[in-house]
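K.L.:
So TrEMBL says this about it:
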{"type": "COMPBIAS", "residues": "277-292", "note": "compositional bias 'Basic residues'"}
{"type": "COMPBIAS", "residues": "307-316", "note": "compositional bias 'Gly residues'"}
{"type": "COMPBIAS", "residues": "358-371", "note": "compositional bias 'Basic residues'"}
{"type": "MOD_RES", "residues": "K465", "note": "N6-(pyridoxal phosphate)lysine"}
{"type": "REGION", "residues": "253-412", "note": "region 'Disordered'"}
{"type": "TRANSMEM", "residues": "50-66", "note": "transmembrane segment"}
{"type": "TRANSMEM", "residues": "122-149", "note": "transmembrane segment"}
{"type": "TRANSMEM", "residues": "161-185", "note": "transmembrane segment"}
{"type": "TRANSMEM", "residues": "197-216", "note": "transmembrane segment"}
Amino acid sequence: MLIPLVPAAVIALALIVAQPDLGQTVSLGIILLALLWYAGLPLRVFATSLLAVFMAGAALAMSAGYRSDRVRSWMNPENDPMDTGYQARQAKFALAHGGIFGDGLGQGVAKWNYLPNAHNDFIFAIIGEELGFVGAFGLLVLFGLFAYTGMRIARRSADPFLRLLTATTTMWVLGQAFINIGYVIGILPVTGIQLPLISAGGTSTAATLFMIGIMANAARHEPEAVAALRAGRDDKVNRFLRLPLPEPYVPSRLESFRDRKRVRPGDGHPAAGPGGGHRRLRPGPAGRRARGRDRGGACRPRRRPAGSGGPHGRGNAGPRCAPGRHLGAAGPRGERAQLSGARGDGRRGGGDAARQPHDHRRRHPRARPAVRNRLSAEGFGRQIHRHRPALHGGRPGAVQPSPGRADGPAGLAGLDGVNAVAGDMPGDREAALTRALASVRSRLAAAAEAAGRNVAEIELLPVTKFFPATDVAILSRLGCRAVGESRDQEASAKVAEVARLAKASGQAGLAGLRWHMVGHIQRNKARSVARWAHTAHSVDSVRLVGALDRGVSAARAEGRRAEPLHVYVEVSLDGDASRGGVDVSTPRAVDQVCEQVAASKHLELVGLMGIPPLDWDADEAFARLRSEHRRVLESHPGAVGLSAGMTNDFEIAVKHGSTCVRVGTALLGPRPLPSPY
């Protein structure tokens, strides 16, 4: 983006400076800097560019007579009070005359030939004179609300173009307002920039209103807004104007490819950290050096002699290993090779381990070489008849391959913004889910019997993250009355899709389905979560409790829910703040959050939720969680719920009193790539 943008902007700015028009130059400079900042220009490069802009501005300010006069009058307004410093002095007189409450609307005298350009450049001085400090401060508050709204829309937009356009427009309007108010009160030299939406001027106002209209359109295309409007929750204005329903944003193939090259989605485990566990695809240089030192004498790939690796002379002769060692063996960082495959496969110069069968959703299972281009796999210039190397023995296969590898999990298959499941036709999918649900229920019944408990008191919660609404409908037909989601954006769209499926199919169970939020909840998403969630499992702070309470109150006022939000307070067993949860070693903090939930008007305390740390024994972790739950029950007898246990450990959790087990992989299979929503 820098190559076409920066040269074109420099040429445009140079032409405007030659006019000369300092005000328009500053406006375009604000737009350019805001665009570069929000587009993610590195801070060092941005700071250097900003310094260069200031130096160029200083040079331009002193290069022409009228510009240098303005700078000198700003620095010493008393030198020429009747000429270059006249406007600045009169503006300050008007502001001082207004006082706290002003002279009254329309009662100011500065606009009657005392203050030139009072209707546009110095309109803020007239506002201060007639409405006083209160009116001027109120105007600043309005611009602050505009800034908050614009950046909120930009932050929540899924479309990168709308995100950049909204953020740039917001910064453009705020930059103009800052400069205008700055030279009126005397902290900046006079530049002739008008106050947006306030100063007289048809062209400027029309352009600003046009950009605000685009911002409003971006707000209608937020994922939550799309889900609400497509679910039929539109207002009278939309129906009166017959506005078309916004379509969910679907990234292009090139965008999806760039995103996958940039990050690799986590599997949702809390150890992945907030926000889904994104991490770098490849380690940095220091990490690679450290990894090399850790391996010591571990296996390294050895090149084949030319001509021995197939018709193209490529391939590996296998690893060069120390006696008794191979890439899958235990040792320093040996677990990495066991989980994700040998180093090098799926990247440059991949080895034999990458050529494992891959059941693609639209092609027959066959070997995929690690060195193939990812874009060709997505359909860009794919060579159908090119040579495919045969399978070779050698390195052990990956137990948990990454989504970016050729033998990794299945890719995307869109269903209105959520993923389909590779290889399953509708009938096959229902049969597979029926078998999986029966198996999990059998495991749950056996665990309850071993613990001497009634299986009916334990809720089985399928976690449908990254799976389509059709799977939710199938689970509902099979008797599941609740499902769990971990991302608000995906869940909002999926709730709307399930509502459409229920309306189209007449499936009564879908209408009464309870949705649980089992993932981390950000405070800015609390209002959205309150609209669709029946239960929240990960509440871990007093501030989040307040945000959810306000969100449920608003949802009730809008008629979107009638019942309170059920809340599990999440506790952290190891005190790692990055994974969420209230530290269980500080009982007072746990009690404070529980008391806040119990005192909230629109929330209901259900119990506690906890997840064993990765390096802990599950039995020890759940025992500690049960002990904390018993302590909380002493002060909150109604908080009998204990949300604990997932696919690999829910039998142990049941032994320690879990009343809700969250099961995803054992029911729905390995998770596909994340949805763009």
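Quick reminder: no glycine exception, Cβ is built from N, Cα and C everywhere.
Curation does not apply to TrEMBL; its annotations are automatic.
On a predicted model such as this, the values are computed, not experimentally measured, just so you know.
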K.L.:
Which residues, given as numbers and ranges, are at least 6 beyond the ends of the transmembrane segment (197-216) yet have a Cβ under 8 Å from it?
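P.N.:
Contacts with the transmembrane segment (197-216): 119-121, 123-124, 127, 139, 149-150, 153, 162, 165-166, 169-170, 172-173, 180.
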K.L.:
According to DSSP, which of helix, strand or coil covers the residue listed as 'N6-(pyridoxal phosphate)lysine'?
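P.N.:
In the DSSP reduction, the residue listed as 'N6-(pyridoxal phosphate)lysine' maps to coil.
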K.L.:
Ten-angstrom check, please: count other Cβ atoms within 10 Å of the Cβ of the residue listed as 'N6-(pyridoxal phosphate)lysine', all chains counted.
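P.N.:
For the residue listed as 'N6-(pyridoxal phosphate)lysine', the 10 Å Cβ neighbour count is 23.
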